[in-house]
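The following features are taken from Swiss-Prot:
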{"type": "DISULFID", "residues": "Cys3-Cys20", "note": "disulfide bond"}
{"type": "DISULFID", "residues": "Cys13-Cys41", "note": "disulfide bond"}
{"type": "DISULFID", "residues": "Cys26-Cys30", "note": "disulfide bond"}
{"type": "DISULFID", "residues": "Cys45-Cys56", "note": "disulfide bond"}
{"type": "DISULFID", "residues": "Cys57-Cys62", "note": "disulfide bond"}
{"type": "MOD_RES", "residues": "Ser70", "note": "serine amide"}
Amino acid sequence: LSCYLGYKHSQTCPPGENVCFVKTWCDGFCNTRGERIIMGCAATCPTAKSGVHIACCSTDNCNIYAKWGS
């Protein structure tokens, strides 16, 4: 499985990590810089905390950040 780690930068996931994810949230600079974004591979879909959005998928490079487009 390959997952995006950043804008148009993907990497093959380590063994046992079969889920791609995008984690987004706002911090104090959200109004000027936009959402904070973490992308990558995981063994299971991370648990979202209040104010954090997480999207998971399980096909190659499926974790596209919607505001960047494809």
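Cβ coordinates come from backbone N, Cα and C, glycine included.
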Inset, instruction - Pop the Cα-Cα gap between Cys57 (disulfide bond) and Cys45 (disulfide bond) into the table, whole Å please. - result: 8
Inset, instruction - Write out the long-range same-chain contacts of Cys56 (disulfide bond), meaning residues 6 or more apart in sequence whose Cβ is under 8 Å from its Cβ. - result: Val19, Cys20, Phe21, Ala42, Cys45, Pro46, Asn63
Inset, instruction - Tell me, in order along the sequence, which disulfide-bonded residues from Cys3, Cys13, Cys26, Cys30 have their CA within 10 Å of Cys62 (disulfide bond). - result: Cys3
Inset, instruction - Sort out the sequence-distant neighbours of Cys57 (disulfide bond) for me: same chain, 6+ apart, CB within less than 8 Å of its CB, listed by position. - result: Val19, Cys20, Phe21, Asn63
Inset, instruction - May I ask you to report the DSSP-based helix, strand or coil state of Cys20 (disulfide bond)? - result: strand
Inset, instruction - Between the Cα atoms of Cys3 (disulfide bond) and Cys26 (disulfide bond), find the distance and write it as a whole number of Å. - result: 23
Legend entry - Distance [Cα-Cα, Å, rounded] between Cys26 (disulfide bond) and Cys13 (disulfide bond): 27
Legend entry - disulfide-bonded residues (Cys3, Cys13, Cys26, Cys45), the one with most neighbouring Cβ atoms at 10 Å: Cys3
Inset, instruction - Would you mind checking how many other C-beta atoms are within 10 angstroms of the C-beta on Cys30 (disulfide bond)? - result: 11
Inset, instruction - Go through Cys20, Cys62, the listed disulfide-bonded residues, and name the one with the sparsest Cβ surroundings, counting other Cβ atoms within 10 Å. - result: Cys62
Inset, instruction - Compute the C-alpha separation of Cys13 (disulfide bond) from Cys30 (disulfide bond), stating it in Å without decimals. - result: 29
